[in-house]
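Structure first, then comments.
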Number of protein chains: 6
Amino acid sequence: MSSYPYPMLDKPSMIWSRQTDKSKDIKVHEWIETAGEAEPNWEDYDVTILGVPLSKSSISTSAASENPEAMRQAWKAFSTYNLDEEIDLAQLKAIDLGNVKQHVTNIEYTHQQIQDAMVAMRTNHPHTLPISMGGDHSITAMLVKGWKQAHPNENIGILQLDTHFDLRDPKLIGPANGTPIRNLIESETIQGNHVHNIGLHGFFNAKELKDFADKAGLHYTTMKQARKKGISNAINYALHQLEEEVDTIYLTVDMDVLDIVHGPAAPAATPGGMYSEELFEAVQIAGQHIKVKAMDIVCLDPRKDVGEQSVKSAVHTMLSFLTGYCKR
Amino acid sequence: MSSYPYPMLDKPSMIWSRQTDKSKDIKVHEWIETAGEAEPNWEDYDVTILGVPLSKSSISTSAASENPEAMRQAWKAFSTYNLDEEIDLAQLKAIDLGNVKQHVTNIEYTHQQIQDAMVAMRTNHPHTLPISMGGDHSITAMLVKGWKQAHPNENIGILQLDTHFDLRDPKLIGPANGTPIRNLIESETIQGNHVHNIGLHGFFNAKELKDFADKAGLHYTTMKQARKKGISNAINYALHQLEEEVDTIYLTVDMDVLDIVHGPAAPAATPGGMYSEELFEAVQIAGQHIKVKAMDIVCLDPRKDVGEQSVKSAVHTMLSFLTGYCKR
Amino acid sequence: MSSYPYPMLDKPSMIWSRQTDKSKDIKVHEWIETAGEAEPNWEDYDVTILGVPLSKSSISTSAASENPEAMRQAWKAFSTYNLDEEIDLAQLKAIDLGNVKQHVTNIEYTHQQIQDAMVAMRTNHPHTLPISMGGDHSITAMLVKGWKQAHPNENIGILQLDTHFDLRDPKLIGPANGTPIRNLIESETIQGNHVHNIGLHGFFNAKELKDFADKAGLHYTTMKQARKKGISNAINYALHQLEEEVDTIYLTVDMDVLDIVHGPAAPAATPGGMYSEELFEAVQIAGQHIKVKAMDIVCLDPRKDVGEQSVKSAVHTMLSFLTGYCKR
Amino acid sequence: MSSYPYPMLDKPSMIWSRQTDKSKDIKVHEWIETAGEAEPNWEDYDVTILGVPLSKSSISTSAASENPEAMRQAWKAFSTYNLDEEIDLAQLKAIDLGNVKQHVTNIEYTHQQIQDAMVAMRTNHPHTLPISMGGDHSITAMLVKGWKQAHPNENIGILQLDTHFDLRDPKLIGPANGTPIRNLIESETIQGNHVHNIGLHGFFNAKELKDFADKAGLHYTTMKQARKKGISNAINYALHQLEEEVDTIYLTVDMDVLDIVHGPAAPAATPGGMYSEELFEAVQIAGQHIKVKAMDIVCLDPRKDVGEQSVKSAVHTMLSFLTGYCKR
Amino acid sequence: MSSYPYPMLDKPSMIWSRQTDKSKDIKVHEWIETAGEAEPNWEDYDVTILGVPLSKSSISTSAASENPEAMRQAWKAFSTYNLDEEIDLAQLKAIDLGNVKQHVTNIEYTHQQIQDAMVAMRTNHPHTLPISMGGDHSITAMLVKGWKQAHPNENIGILQLDTHFDLRDPKLIGPANGTPIRNLIESETIQGNHVHNIGLHGFFNAKELKDFADKAGLHYTTMKQARKKGISNAINYALHQLEEEVDTIYLTVDMDVLDIVHGPAAPAATPGGMYSEELFEAVQIAGQHIKVKAMDIVCLDPRKDVGEQSVKSAVHTMLSFLTGYCKR
Amino acid sequence: MSSYPYPMLDKPSMIWSRQTDKSKDIKVHEWIETAGEAEPNWEDYDVTILGVPLSKSSISTSAASENPEAMRQAWKAFSTYNLDEEIDLAQLKAIDLGNVKQHVTNIEYTHQQIQDAMVAMRTNHPHTLPISMGGDHSITAMLVKGWKQAHPNENIGILQLDTHFDLRDPKLIGPANGTPIRNLIESETIQGNHVHNIGLHGFFNAKELKDFADKAGLHYTTMKQARKKGISNAINYALHQLEEEVDTIYLTVDMDVLDIVHGPAAPAATPGGMYSEELFEAVQIAGQHIKVKAMDIVCLDPRKDVGEQSVKSAVHTMLSFLTGYCKR
């Protein structure tokens, strides 16, 4: 390279990642490695990041398929150092595996690929923490099924941050984005009483879905209840409840849990929801819990965003979760 | 209909309201009936909803005239079931009467139509609760005058959620959107000391308007005071005060009471205002009060909205008020 | 109705369609009837309009699924009277059949419904002219297959206004929006030399697709060639060529044929394309031709529109085509 | 001023108009004088510019009221020198009179003020050329009535560039923005056969309006006809026709004559309309004609603009007209 | 003026400032005088306002240069009367000095002009309170250096509301917007332990910058800590700490301290930041402190704003600070 | 790689460039190589592409600095095959060198880097065609000076497509974006009569600049003249004129030559300008000329774009120019 005759240029490969000053500031995209041609040494990695760009399974049209790439662009503006906690995420070794391949017209096929991806992650390097960037909420059912396939004897619990139950009937609309929790219960991947939903509120869940939830034994803390007792208490309570019953807690964050003002890119966000700093606090606490072994972030359509507010919140959510993980 | 040869089609009439699954989920537009050709049986209805698409009376250009239709579109995304309170609004029978007719160039004529509409509602079915969707705040003066015309012996109180006093002088600018409270006082429709305004704050009311308010005996709780004592306490205090003095409390919600971040479509919203969940709490409490007999929502210009945030908040405000009504 | 006690109101059913003056101005939504509960007298109708809200079959995320409803809203601003031609479309009897039912997660199933819808139209009332509002371009393959199923002995030609060949390989990506013409050729629904594409230009078709086109005997006139000889001459030339060979000419308008400035809502529109008045002229000429028996308009995503420019152009395209039809 | 101790500051009065270089480049806002406290010497002025910020008279909500101020801001980006014609508008002496006062709730009163303003202009300095910036098209009726009041013996002709006839019935909707030409004819301010409309096209005028036009003897050249014969020929033909019959030709430019792509801020612009350079050519020719003695530009809502495209076109239209005026 | 023949017009000079009613409501633009040709009587002024439209010094492209003019436009919507505190700012005499002159291509030259402007203010009328509207944060270094040049014997402290330390190294990137605090420390204008930063949070400061801060003795209260102890307590604590050590406290508000939802126009705002009413409270308290003698507001790019939310917050911030000043 | 255990994933490096089908379609980003660590074999390359992300030198704030990266993203949607001309650009070997390094606060330094980059290109591989993506128009002066420095004996001519002369005085504002042509003439890099500008029109050049141009002997064809004689004739005429006089013709395309409707992202685009297909035709002809040896595209601010219309036009401009180059 010494012979490259352009000292005054930033090469293309340097443009995105170029440091304007030569400080030791590490940005997130400089920390997270990306899977390339050579076989990584899987032993070394603490965290794997997976893009799942599927949103054809959404009831309404959604470009949540563009979220993984949007998050990758947005995290270039984040340092690895969390000033509040004085924790540097760079102590973890993380790798971005890329995106699950998508079939243009066969959703079922894509769903199977997603499940296979989780099986492969659990098989190839079961010690790593998988973080999945959706895509819509239908992917959660596939990812959890993949986990179950890899670990058939585990009891899996779900900690769900969501404005909705996601208990619509897949028999009527297929495995769409309103159905994952019911899908998991009815396929006996999980038990209804191993789910705890935090964030339900307002006029956004049919009475019959609540009745289904009650009958299935689901636990839930509404947004109002969570605020009354404090977000951290609500999360800790849910974690305590789940840890008694299950081996693994899967954390799924539907970004529509955010108030519509805080998550404008979540197509189903509503007034009266969670604020972003409440969400960051919630996932950091979850990240600290020993049984929380996987996480996903779903239902964010970057085309609906206002000035990257929501996508940056999604990245912050991921990093806050990892901050908790470092504190274990 | 059995002979309709298109089993694979949704007819036009079904497109908007189609259920993607056949669940018993009732959306608000499926619950609120719409006045058609046949004479409704007025005895049956608990609630009437009236659109008042007038905003030519605004000091600055406003498309608040488009709000009634925007709210009707937006409420298709709301269920009737309030999960927080475990109340189903479908227990009420509600009918959308349509919109007050508008004259293109004669505002005075339109104002008279609005007043007449309230007189007709109070005459035809005085047991129902009228909810009016503005339009700008000038309509409140006409609606309250209509109530007074129908019930000349009642003392009417006003519970006003607003960033402004709305005490500008109609002698100078006509019955415009800055004037309704003064209009009502000076026309002796109401007494100044029967008004309680909650939400005033910042630099958005002239000193002379405050002086007028004080001289007229108006009550008010600023936003800062309301937050200090708690929104629910502030509302309850105002209701207690009014219930001593008046027969009927008319609730008027100027959406510019919202912080500009929470109500971007309210042209006069400002920083430092109310948050949407505070507004929902406030109107739910008001809805529970036996003397609160009418409500309007005004000054929302859907063209200024950001991703339907404000219009959805307006719908939520109406539904939260009705939740309170169910709890009476 | 004489007893309805609200003379000052527009009922909900009147709000959208209300005439601000009582003129005899007929707007398009007042002319096109909508299929309701009662069985229409199919004998009477000249034109049927079908919504095909499928865009999950698009290679990139598209909300072209929202186009049928967007066109229905937009045509409320159009009169039936074409001043340029002194033709009133109201001389035709037209009915909006509604939308083809959509499965949330099974694209193949929806595709079959689309084909069935065309079969039903050709069976129930073969004398009417079907106009289909997409959806993405994948629907054209299904609609033409439906026609072929209903009329197995007909030779069908395609007049395609498009920036692209749409000859990508369905074996690789399924019957997606880049594949319909190849799909039709390879399924032997049509012959390659019965296709004439007008509007190709620039850097938006791979060399191998042109080679496929040439081998399959497709005809095409590039945008530059069409402008050089005049749009009307180009269309007339293509129609003459096709009328020699086929029984039925199916006109398919991919709105991305428009220059990106004229069709901002067509996700694949590019610089260097057709101007809207050129498109109107083209389809009006096609509409006059006796063998042009069906038409569709596809690949318009209303969420990408700028001030309804593109959706209004889509409506104008449909109406210009019908103007030609009246001139037969 | 020599004692002002801030050599490093631009004073507030200089910020908007500051020259970044000290060139002799004269921008339009530096050329057009503004009426201040002192009495101008009316003898000196060739052109008066009047803002008419009324759009409450529009059938649909419009912020065309904001257009005069938007044009004043936008013309700061224009030089007075027309390179194409090598003409410097600075040879004319022009003054901006300000805006007609608006009543908030009484449209009739405002309309009278507009008429009075034209009477005052024709009385105070009848040698100047008045240019009015609307506001909506209702103002044209008032301005022409004012002219007629000041010059009762003149025959006034109208050269109208418009997508619409503007012949709706003021008896039904008052003197609104769809009615000015009919208003003028029915009030006998002008004769129907003294109107020539250029730019009509498509599906945007009811058949009955055309019938009214024909019966009233209106002249019109459709957009298609104008393009076929050439815009300049169409304008010259119309001017020749009018000059035979009338003393004064009033030019009114409804910006919705522009294609929706070229005039996105004109709420009623449609596909298939005039391009901006065609409009500039048309008004420049009109400006050269000795009998064209007044001009207005109406129906532009700056809130609907895309990057100031339309407002800049409106300014260019005014300047092109004045270029023609200089060439007399 | 009595002879001006247009009683029905608002003159241009009156358009922006016109009172729609003739109330005594004083808007901020009517209160703040603007420096004109005549020498002001500097003795009379309590407050000077300075525009510093420089943002070429930003690491990323920013139009913060347009902020001073945007704030001037926005404050026309604010009254001088603060209802919460019952304080009328009109009791202060304030003058807008205009903007510091900008060189198009020489940032160093412009920086010197900024420093000179502060020197001139401190020399010409040292009793007044200077408020500077940036521009980006690089200007703070120049303004404080100007203060130091005028008052070489003073110890200056900095109260900084900011999401960032602004301690990047000017040796690497010049005196850019990430560097002002380090610039001031390294130039020995101030001491590191005379800085107190409130609002740091999340993943937006490199570890090495925190290390630099700690080594330099900077004080800081993170956003989380400030919320935990209460904003007012946090500010008071910082003020107490600084008042022990310094003669003058310079308050600098980087608008990116706001949560991205509350300050969308601050290019570097992030999720998890301060809410606008917290900022108003903070600066009001600072304004009350006898040693706070200057203030700036920086890093707001009006082109990124959503409905003027951020610019209005910037104005409110300035007015809240002055409210505190009145309470001294 | 055979051991990479994720057959169902697209690796990060494949996400952007992934082929949805396995066709031989080559997209532009797959054709243009990017300079990496290893020394390229410069002999092989026909074309070098250089990003020049400088826009701090703009008179008004511009994010034209973001244009090189925006063009790189946008060209992923273009094939290398030009259907109109049946030319595949892949016959050329092209390399993207990256971006000229930028100093944050020292524009002069950055300007020198730009000049040095051109010198290096001319020195290292003088046989290649350099294409530069600005940045603002100030860069043209530096690039041409670099050429002159490398080839001191050449006469350089400028073919400029522009709405403006760019003859403002660098002595007053430094080497800013309004000055490059004057800068080049006054530095005696070129002669005034070796410049031919096509596209000037309207009210956007001061009289004194035209006088300067005439005095300096500049050639120019206004937009109106060019349309009258035909764009291709105008370009050919200019090329003929220049080829007589100079050794090298440098083509500079200021994107503001486009009509504001066709180039919304060019901050200085105006109504009445060039249409995009006219621009493509112009540069293709220029590309064919043997003496045209370099090209730049400047003054496009992607933040102002509408749906990528302008950035896509910029890419198309570059590819059309290369199409011409292939036809030599």
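Cβ coordinates are placed from backbone N, Cα and C, and glycine is handled just like the others.
Remember, TrEMBL labels are computer predictions, not curated facts.
For reference, TrEMBL has these:
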type    : residues                                                   : note
BINDING : D:His137, D:Asp162, D:His164, D:Asp166, D:Asp254, D:Asp256 : Mn(2+) binding site
Give the three-state DSSP assignment (helix, strand or coil) for D:His137 (Mn(2+) binding site). coil
When you average the Cβ positions of D:His137, D:Asp162, D:His164, D:Asp166, D:Asp254, D:Asp256 for the Mn(2+) site, which other residues in that chain have a Cβ within 8 Å of that mean position? D:Gln160, D:Thr163, D:Phe165, D:Asn177, D:Gly178, D:Val257, D:Ala268, D:Val298, D:Cys299
For D:Asp162 (Mn(2+) binding site), what is the tally of other C-beta atoms lying within 10 angstroms of its C-beta? 27
Of D:His137, D:His164 (the binding-site residues), the residue whose Cβ has the fewest other Cβ atoms within 10 Å: D:His164
Would you say which of the binding-site residues D:Asp166, D:Asp256 has the most Cβ atoms within 10 Å of its own Cβ? D:Asp166
So D:Asp254 (Mn(2+) binding site), by the Cβ count within 10 Å over all chains shown, scores 29
Give the helix, strand or coil assignment DSSP yields for D:Asp254 (Mn(2+) binding site). strand
